[in-house]
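Accompanying notes for the structure given below.
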């Protein structure tokens, strides 16, 4: 029996790619799809929402509750406000939730995860999550003898800075080094000397860059760089679908807060 997956934010850049991945994946079927109120896709078949050539028999809706009620697991890539509505619906219907929504620092996910299975990751790319494991291991080997700098670049419409992915790298390194996570951004008008033990961040924004990340370990003799470049957003969509399948098959009866690190 196929896993019924709902999609919140189906008319967005990520939502469309997730629907495409669901359409081509033989393990799942689309249970429902939500677009924002006022979207031109409301009431239309989801086939047209993802530029698919044929109708799929499911209409795009604005009702988050309806989609959670009819789904085995739901994928959300939206905003903080919409994610809060998703969490409430997930609690009501006991539906596992996968989310890649960022800028949610004020939401206490652990509170909700005590009642329902939630998988949240700032980046659903398998490659980025493999890199995260490598970064942790590098930090353990190198200890506090190296300065750490994290650079990220994204498209010119991205709102959060540094990116959620860059922050996850920083937290993982701080944890491996057993130090407090103190993100540090050096500005051109600052006269402060680089403080030892702080994790530096540099941010670039431009064009349509999907996502570049570089983690550097530097001392006076050498520099080690670990890099990842996302070529297409499909990598995030594919990872999100993989996460949804994993969450439903392995944790649907086990409340908790999971991440892509558990999946790969």
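Just so you know, the numbers here start at 1 and follow the chain as drawn.
Including glycine, each Cβ sits where the backbone N, Cα and C put it.
What Swiss-Prot says about this one:
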BINDING   9, 10, 11, 12, 13, 14, 100, 101, 102, 121, 122, 123, 124  NAD(+) binding site
BINDING   36  NADP(+) binding site
ACT_SITE  154  active site, proton donor/acceptor
BINDING   155, 164, 165  (S)-2,3,4,5-tetrahydrodipicolinate binding site
ACT_SITE  158  active site, proton donor
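Sequence-distant neighbours of residue 11 (NAD(+) binding site) (same chain, six or more apart, CB under 8 Å from its CB) are 35, 36, 39, 40, 41, 49, 60, listed in sequence order. Residue 102 (NAD(+) binding site) is 9 Å away from residue 165 ((S)-2,3,4,5-tetrahydrodipicolinate binding site) when you measure Cα to Cα. The recorded positions shown are 13, 100, 122, 154; of these, the one with its CA atom nearest the CA of residue 164 ((S)-2,3,4,5-tetrahydrodipicolinate binding site) is 122. Same-chain residues with CB within 8 A of the center of the 155, 164, 165 CB atoms, the (S)-2,3,4,5-tetrahydrodipicolinate site residues themselves not counted, are 102, 122, 123, 152, 154, 158, 160, 163, 166, 211. Listed in sequence order, 205, 206, 207, 208, 209, 210 are the same-chain residues six or more apart from residue 155 ((S)-2,3,4,5-tetrahydrodipicolinate binding site) with CB atoms under 8 A from its CB. In this structure, the C-alpha atom of residue 9 (NAD(+) binding site) lies 21 angstrom from that of residue 154 (active site, proton donor/acceptor).
The residue listed as 'active site, proton donor/acceptor' sits 14 Å from residue 122 (NAD(+) binding site), taking the C-alpha atoms as the reference points. Every protein chain shown contributes to the tally, and the Cβ of residue 102 (NAD(+) binding site) ends up with 22 other Cβ atoms within 10 Å.
Of all residue pairs in 9, 10, 11, 12, 13, 14, 100, 101, 102, 121, 122, 123, 124, the annotated binders of NAD(+), the farthest apart have Cα atoms separated by 21 Å.
Classification of residue 165 ((S)-2,3,4,5-tetrahydrodipicolinate binding site) by DSSP places it within a helix. For residue 122 (NAD(+) binding site) paired with the residue listed as 'active site, proton donor', the C-alpha to C-alpha distance reads 13 Å.
Cα separation, residue 102 (NAD(+) binding site) to residue 158 (active site, proton donor), rounded: 11 Å. The recorded positions in question are 36, 154, and the one with the fewest Cβ neighbours inside 10 Å is 36.
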